[in-house]
C-alpha cells in the first residue's frame, strides 16, 4: 500500500478542525498509520520548505508553520498520494472545489488548512523527514476487504 504525508497546519489546529479533517480522510478509505501533535522547530520547517527558499512568501511561510502546533500524519491506502490530493483540493481555497477540505474549510492561500505531499517521491522524503520508522504502524483493518479488490 502507498503512503503519503499530510500536515494539518496551525490555522486548522487553532480553528479546532483536526477531527473534521481526519474524519474526511478516513471516510475516503485512507488509514492513519502515524501521527503527532507538535510545534515545528525552525530547522524542520526550513528543511521541509527548502524548495521555496527563493520565493517571496518563504519567510512568512516559515513564521506561520512554526507559530503554533500542527498535526503531522502519515496515511496509507491504494493510490494514497492522489486520493489525498483530491480530498485536499487546490492550494488556493477560493479555487478549490466545494466538498474538498480546502474548498469547504480553507480561508486564503496563506491559510489553506493542510499540506499534502504532491508525489510518491515527495511523500517518501517528507515521511522520512518528519517520522522515524518506529513511529509508524503496520496493521490491518477489517474494512480493507470492503475497500480494495
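From the backbone N, Cα and C atoms, a Cβ is placed for every residue, glycine too.
Record features (Swiss-Prot):
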type	residues	note
BINDING	9, 57, 85, 91, 102, 112	ATP binding site
ACT_SITE	115	active site, pros-phosphohistidine intermediate
Restricting to the record's ATP-binding residues (9, 57, 85, 91, 102, 112), give me the longest CA-CA distance in Å as a whole number.
22
State the count of C-beta atoms found within 10 angstroms of the C-beta of residue 85 (ATP binding site), not counting that atom itself.
18
Output, ordered by sequence, the same-chain residues six or more apart from residue 57 (ATP binding site) with a CB under 8 Å from its CB, or 'none'.
110
Rounded Cα-Cα span from residue 115 (active site, pros-phosphohistidine intermediate) to residue 85 (ATP binding site), Å:
9
Out of 91, 112, which of the binding-site residues is least crowded by other Cβ atoms within 10 Å?
91
Recorded positions compared (9, 102, 115) - the one with the fewest other Cβ atoms within 10 Å:
115
Residue 91 (ATP binding site) to the residue listed as 'active site, pros-phosphohistidine intermediate' - Cα separation in whole Å:
9
Mapped DSSP class for residue 85 (ATP binding site), helix or strand or coil:
helix
Just the number: how many Å between the Cα atoms of residue 9 (ATP binding site) and the residue listed as 'active site, pros-phosphohistidine intermediate'?
7
Integer Cα-Cα distance in angstrom, residue 102 (ATP binding site) to residue 115 (active site, pros-phosphohistidine intermediate):
10
